[in-house]
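*Asks:* Just lifted these from Swiss-Prot, have a look:
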type	residues	note
DOMAIN	1-50	domain 'ClpX-type ZB'
BINDING	9, 12, 31, 34	Zn(2+) binding site
BINDING	126, 127, 128, 129, 130, 131, 132, 133	ATP binding site
């Protein structure tokens, strides 16, 4: 004799002939109506959980946005470390703020919301005028991983050299191999003008991997999941690899683009420009009028140009700017060397004429502010050799004569007498 309870739904109690289907399991049965009801309950609870999660994300988003430095604050921070370049600092401040605002927004994006595109940056300007330093200073302020790569070291597949993914390896290393942190970092690719197509830029001698590298960089600039060889160099199946999503990595691409002024000048009808011309001293006026077609004529492919919607120029540093670079920033060279001497209990001072002489020597090297450290080092190195072993020296003053002699003519004042070190 059959027990009717074996044919009842364990949840609603309906018999099998009262429902469409009755699904049986070990010691339990459920009818089709209860299955539908259960699915509705699960869906309601899921939607409720998603709503709570969305509210939490939005609260967190507001909190992060409140903590994100505003463009004016970013500009003020850059102003403490970088002399001049007001327009570039303003452009970068806005671009970086919008980038990280977009990054926060992306975490709570739904299908119905407007998707914010990434805006990578192209910095154009002469060597040694602060392109890489600007990017580095931004990363330091935002406390995000930062990496610098030299475009000339990159090659396309099939050539000796580094794959483009190696720029991401440097970023991953700076993030202590924390992929999540690396995916919100900043990458600066310098010397990008050196991988221009030779056909459109006769002055560029290297073309073995020019257009090929540009093509290889397209995906990581736009946003892709890249396989990064943890051993560096070329990708190999035997090497361990990490997957990094570049969608939220900010790329700052920089180059001197020597000669592009002439391309711009020709297009807008100005006379030819040379390094000594008055017009070149106002190079930002020319660069402000740069168009994608100028970059294409220089040798960048259209697809590559399209991945760099923000273009800003770095201006030449004149003598007055260089003196300010020496003395005004928080980590100015003069301040650094004064600190080094103070650790030996000696005060260090510079005459204004000495600073002018140092700048004059640096300008002759034609490498911008980079030359300042090497000039300062050549002058101060002999002094720094002697000072630590002398306990009677209270202060050291660098004069124009000191600079002219490369360091041997130096007046040091102490409590008892003047000590002059000569050649």
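Numbering starts at 1 and runs along the chain as it is shown here.
Positions of Cβ are set from backbone N, Cα and C atoms, glycine also.
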*Asks:* Looking at the binding-site residues 9, 12, 31, 34, whose Cα is closest in space to that of residue 128 (ATP binding site)?
*Replies:* 34
*Asks:* In the same chain, outside 126, 127, 128, 129, 130, 131, 132, 133, whose C-beta lies within 8 angstroms of the Cβ mean position for the ATP site?
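*Replies:* My list of surrounding residues reads 125, 254, 314, 368, 369, 370.
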*Asks:* Within the chain of residue 34 (Zn(2+) binding site), which residues six or more apart in sequence place their C-beta under 8 angstroms from its C-beta?
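*Replies:* Listed in sequence order: 9, 11, 12.
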*Asks:* Specify the secondary structure state of residue 31 (Zn(2+) binding site) as given by DSSP, simplified to three classes.
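*Replies:* DSSP assigns residue 31 (Zn(2+) binding site) to strand.
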*Asks:* Can you tell me how far the Cα of residue 130 (ATP binding site) sits from the Cα of residue 31 (Zn(2+) binding site), in Å?
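*Replies:* Computed Cα spacing between residue 130 (ATP binding site) and residue 31 (Zn(2+) binding site) is 73 Å.
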*Asks:* Look up residue 9 (Zn(2+) binding site) in the DSSP assignment and report helix, strand or coil.
*Replies:* coil
*Asks:* Take the mean position of the Cβ atoms of 9, 12, 31, 34, the recorded Zn(2+) site. Which other residues of that chain put their Cβ within 8 Å of it?
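*Replies:* Leaving out the recorded residues gives 10, 11, 13, 14, 19, 22, 29, 30, 32, 33, 35.
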*Asks:* Per DSSP, what is the residue count of the domain 'ClpX-type ZB' (1-50) in each of helix, strand and coil?
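*Replies:* For the domain 'ClpX-type ZB' (1-50), the helix, strand and coil counts are 26 helix, 10 strand, 14 coil.
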*Asks:* Quick one: pull the CA-CA distance for residue 129 (ATP binding site) versus residue 31 (Zn(2+) binding site), whole Å only.
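*Replies:* Answer for this pair: 76 Å between alpha carbons.
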*Asks:* Count the Cβ atoms, other than its own, that fall within 10 Å of the Cβ of residue 129 (ATP binding site), considering every protein chain shown.
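*Replies:* I get 28 for this one.
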*Asks:* Averaged over the domain 'ClpX-type ZB' (1-50), what pLDDT does the prediction give?
*Replies:* 84
*Asks:* Going along the chain, which residues six or more apart from residue 131 (ATP binding site) have their CB under 8 A from its CB?
*Replies:* 123, 125, 188, 190, 254, 314
*Asks:* Which one is it: of the binding-site residues 9, 12, which Cβ has the fewest other Cβ atoms within 10 Å in this structure?
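*Replies:* Counting other Cβ atoms within 10 Å of each of the binding-site residues 9, 12 gives the minimum at 12.
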*Asks:* Helix, strand or coil for residue 132 (ATP binding site)? Use DSSP.
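*Replies:* Going by the DSSP assignment, residue 132 (ATP binding site) falls within a helical segment, counted as helix.
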